[in-house]
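As recorded in TrEMBL:
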- 1-25: signal peptide (SIGNAL)
- 25-241: domain 'WxL' (DOMAIN)
- 39-74: region 'Disordered' (REGION)
Amino acid sequence: MKKTIGSIATAAILSSLVAATGVTAAEYDTNGVINFTPDTSITLPIDPTNPDPEVPVSPIDPTDPEGPNPGTAGPLSIDFASSYAFGEQVISTLNKVYYADIQEFTGDTTGPNYVQVTDKRGTLEGWKLSVKQNGQFATADDDILTGAQITLKKGGVTSNLASDTSLIPGEVQSEVALKTTGEETVLVDAAVNQGAGTWIYRLGSNAEEGETGVELAVPGSTVKRAKEYRTTMTWILSSTPGN
């Protein structure tokens, strides 16, 4: 009799467990969806030595107290490019090399000269960054600094996305001499599936390296007037689908 009672009790416990667990009567699926669109807003400049989009910086233009120019709008944009100030130099009859000042930011911080581009198209089509010098250094009276040559050195790219090596642009020029004829020089070439997000082409990995990142060579045989000489550069970012 005791055995029978024990069996009944065990069966009751098992039955209650099954009832508590429940039996699947039906299943029903639902969806989770998100849709991304290209971002056309302006991307702010970031630190070329620690590129964090969450921490924008304010670069100073050493050649224009009203500068720098704002970045371009659109999903494929140039956000910032350094201007080059080679300082005040003594007239010399010797061949000379001068270096551009490093990039300064508000808050007394510095870094290498750089160009920042952003690809927020969401297509991963690739892009090219080029630069052209719009003529030789000249005074306001059109006195030419004959033979002067700008060379960009220690070029490299960085990004907060650089840990994903598949995104790193495949072709990056470490050293280029700019042409004074207005001809474009390609600096960075991001192929298909490369270059998404914000990328920096910098001339030195830090401020110290950047001190010799932009060079201006001037022949001793060139006549120099006691005046200011200027030139301009145009930075070009182009889409390269299928590249």
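Here the Cβ of each residue, glycine as well, is placed from N, Cα and C on the backbone.
Taking DSSP states H, G and I as helix and E and B as strand, the region 'Disordered' (39-74) has 0 helix, 3 strand, 33 coil. Summarising model confidence by region, the domain 'WxL' (25-241) averages a pLDDT of 97.
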